[in-house]
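What follows is one structure encoded as structure tokens, with my remarks underneath.
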Amino acid sequence: MVCAQVETSPRRCWQKVLYERQPFPDNYVDQRFLEELRKNIHARQYQYWNVVYESGVVVQQLCSVCVFVVTWWYMDAGVLSPQGLFGAALLTSLLGYVLFDAIDAGVGRRESGRTRWADLKSTLVFTAFTYGFSPVLKTLTESISTDTIYAMSAFMLLGHLIFFDYGANAAIVSSTLSLNMAIFASVCLASRLPRSLHAFVMVTFAMQIFALWPMLQKKLKARTPYCYVGVTALFALVSLVGLASVSSVGAVLFASLLLSISCLCPYCLIRLQQLKDNIHGPWDEAEIKEDLSRFLM
């Protein structure tokens, strides 16, 4: 019936409108329909070495977790004293603090309006509170089995890696949640150390490597890319050497993981990007480009 009606009706040009009655079926389209077909109009073209460079953030965070766990193992085994770790952490913190200002000649500090006296007060308050509550941290998980503590710590460190801010604009990113999960893992592991002084030093070291170290690395990446690459490679080497002293098999597996993330995964991304085939055309849903926030007031 529809075909007969179309054939017997006067020849008429089809229009893509709904407010007029036309002698065509509802699903009819003319030859111009596929002329507006576009492919991969929003696809990004990646360069291999640029992707390798960006993967350094993931490598650094994995190495941070590795260094933290190896340091805890050394303290638990009695190889590393809390005084030695605290002195090394204090020295590296001072060097990092000076380097943080030297990278941009203090421009960031002047823009933020934060003084060195304010930084010193924050450091002293945190150190005093952590030292005062270290006996509580030491006995906080006495009623929990050691296996459960290790499982919770592993889960929290995994969550720290998942929610960490690697620079992607995604809903899953949460710097606050990532840091809290890392500190929670450090508290759990510190409660299994011999004395409260060990717990104090371990939590302080966790704050340094999970909160302060990423800030310095982010600034190095933005200001001095070559130094950032060198520091990343050196940090990865240190973490591998430390892990090798504990487990040679673990060091080999961890090295394979780092190589896969920094070399193999970027290559796979580049290869798969060539197979991308997203089509766009008049069938796409309409997108509102105008800012409608004024209607929410």
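Every residue, even glycine, has its Cβ placed from backbone N, Cα and C.
As annotated by TrEMBL, transmembrane segment applies to 48-74 (among others). Panel annotation: around the transmembrane segment (48-74), residues 80, 85, 157, 160-161, 164, 166-167, 186, 189-190, 193, 202, 205-206, 209-210, 213-214, 217, 221, 225, 228-229, 232, 235-236, 238-239, 242-243, 245-246, 254, 257-258, 261-263, 265-267, 269-270 of the same chain, lying at least six beyond its termini, place a Cβ under 8 Å from a Cβ of the stretch.
TrEMBL lists 80-100 (among others) with the feature transmembrane segment. Residues of the same chain lying 6 or more positions beyond the ends of the transmembrane segment (80-100) and with a Cβ under 8 Å from any Cβ of it are 71, 74, 119, 195, 197-198, 200-202, 204-205, 208, 212-213, 215-216, 219.
Under the heading transmembrane segment, TrEMBL lists 120-137 (among others).
Positions annotated as transmembrane segment by TrEMBL: 149-168 (among others).
Within the chain carrying the transmembrane segment (175-193), a Cβ under 8 angstroms from the stretch's Cβ atoms is held by residues 68, 72, 75-76, 137-142, 146, 149, 152-154, 156-157, 159-165, 199-200, 202-203, 205-207, 210-211, all 6 or more beyond its ends. According to TrEMBL, the feature transmembrane segment maps to 175-193 (among others).
Annotated transmembrane segment per TrEMBL: 199-216 (among others), in sequence order.
For 228-246 (among others), the entry in TrEMBL reads transmembrane segment.
The annotation transmembrane segment is assigned in TrEMBL to 252-270 (among others).
Between the transmembrane segment (199-216) and the stretches 120-137, 149-168, 228-246, 252-270, the greatest number of Cβ pairs separated by less than 8 Å involves 120-137.
Sequence-remote contacts of a segment are chain residues at least 6 beyond its ends whose Cβ falls under 8 Å from one of its Cβ atoms, and for the transmembrane segment (149-168) they are 54, 57-58, 61-62, 65, 68-69, 141, 174-175, 177-179, 181-182, 184-185, 188-189, 191-192, 210, 214. Distant neighbours of the transmembrane segment (228-246): 53, 56, 59-60, 63, 66-67, 70-71, 73, 217, 220-221, 254-255, 258; these residues of the same chain sit at least 6 beyond its ends, with a Cβ under 8 Å from one of its Cβ atoms.
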